[in-house]
């Protein structure tokens, strides 16, 4: 058993040594490659190349790209696969209240493939520049009017370089006589704003709609509650993600990422601030009465300070039982002038005053328990009580916390159909980002879920399939992870190799005993028969020895 455990420990040690050797090989890898390349001739290089080509794994199956085509009625559909910005308008506006150097919407947009695309021919809209204002928009085929059909907005985003601070949301621009896409800017009225946004470690997925107050005619932004899902991965994994907003005539809404619901709710209950104001509000003219008593507890008016209560007793007193440690140097100061210090040559006593050497810790005090005048340490005073205060009792006149009375809200209204928003006639991207190359693709606005799902299958679905085909298998992913983190080899050994080794060790390491059939075939004595024969021989030998001893004794007596 000890040998088995020794073998287990040895195997574990060998695994750890292998990881360390792997790390050392990686450290020296660059130098080794240079040396080898210097020594190889062209012929050997060709042989190696042919070997590598022969031994390489078969290529992953290719996914052929075909531009998506809407399968039903749509208000807007754009895949950018024509390779141009036809139908899109670049803004030439300037932001108000901003320095002229950065007020222009001069950020660049281009139609191009993703940098690491797995689908040749699949193009999208790319926000090329960083740290600039970008604005681009396009008209719908016809204005969307909120009536009896749902609204579905869907598009794709890929943060090819990650994202530091910036957004990738869309705005559905309200249908107004003043709408001019050439002057699209941050103050242009919109009906809905939807999409991802991030700055610092705050990851957001906006759904905002502008609600018109039926009494005043003014618009107010209503924000959906924050989703409970963790959104960080969508911003950091550099994969293409599908964002979908579904808004229904019954005021319900759903927000999906990659066709999975991450947020849902109702326009009447889950927006901030609420769509409808409260029926009653606090009277701004109401005032608390002067005799209103809000004190739940009051000092007991009948309480009297005890005669023996000493308010002047100190909280700390000197410890009378303390004794000065032996060897205390009363006549030595704790700090002395540095004997090695010298007055600077440029010291001017008229300007700088009389020069004094800097103070250092007294070296004589290093070996002593202390220096200077000894004082008794201070301890808590057992007789200390502090300032006397009467105990608190319930206030019989307590009236509770005062609140102003409620009055009808003069601004109250009740809109039970907030779904019926302002119609919109264009879609736009008005963004600022500190990261470049944000990729947008496959915008669609429609009323049927099946149409949006078909569009997603033929666009985002192909990207997902192509990415999956290009990814290595489970074993390949484990090996790649171990190349980046060599300590994973120890985990693999402990979880796979070591259990297998132990099973083999404990199951197969015992001596193999021949079966009864083998004994019968060879006429060899079986183990129990052999043991009986040995016992009989031993007993026979002992009897012979006893008989010989008896014969010898008889001869002596005779």
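Placement of Cβ uses the backbone N, Cα and C atoms for every residue, glycine included.
Under the heading compositional bias 'Basic and acidic residues', TrEMBL lists 279-323. Long-range Cβ contacts of the compositional bias 'Basic and acidic residues' (279-323) within its own chain (Cβ-Cβ under 8 Å, at least 6 residues beyond either end) map to 375-381, 383-395, 397-409, 412.
Long-range Cβ contacts of the compositional bias 'Acidic residues' (328-351) within its own chain (Cβ-Cβ under 8 Å, at least 6 residues beyond either end) map to 357-362, 364-365, 368-374. Annotated compositional bias 'Acidic residues' per TrEMBL: 328-351 (among others), in sequence order.
The annotation compositional bias 'Acidic residues' is assigned in TrEMBL to 544-558 (among others).
Per TrEMBL, the feature disulfide bond maps to 165-199. Same-chain residues at least 6 positions away in sequence with a Cβ under 8 Å from that of residue 199 (disulfide bond) are, in sequence order, 165, 166.
Under the heading region 'Disordered', TrEMBL lists 45-67 (among others).
For the region 'Disordered' (266-351), the number of residues in each DSSP class (helix H, G, I; strand E, B; coil) is 3 helix, 16 strand, 67 coil. For 266-351 (among others), the entry in TrEMBL reads region 'Disordered'.
As annotated by TrEMBL, region 'Disordered' applies to 513-558 (among others).
Feature annotation from TrEMBL assigns signal peptide to 1-21.
For 487-508, the entry in TrEMBL reads transmembrane segment.
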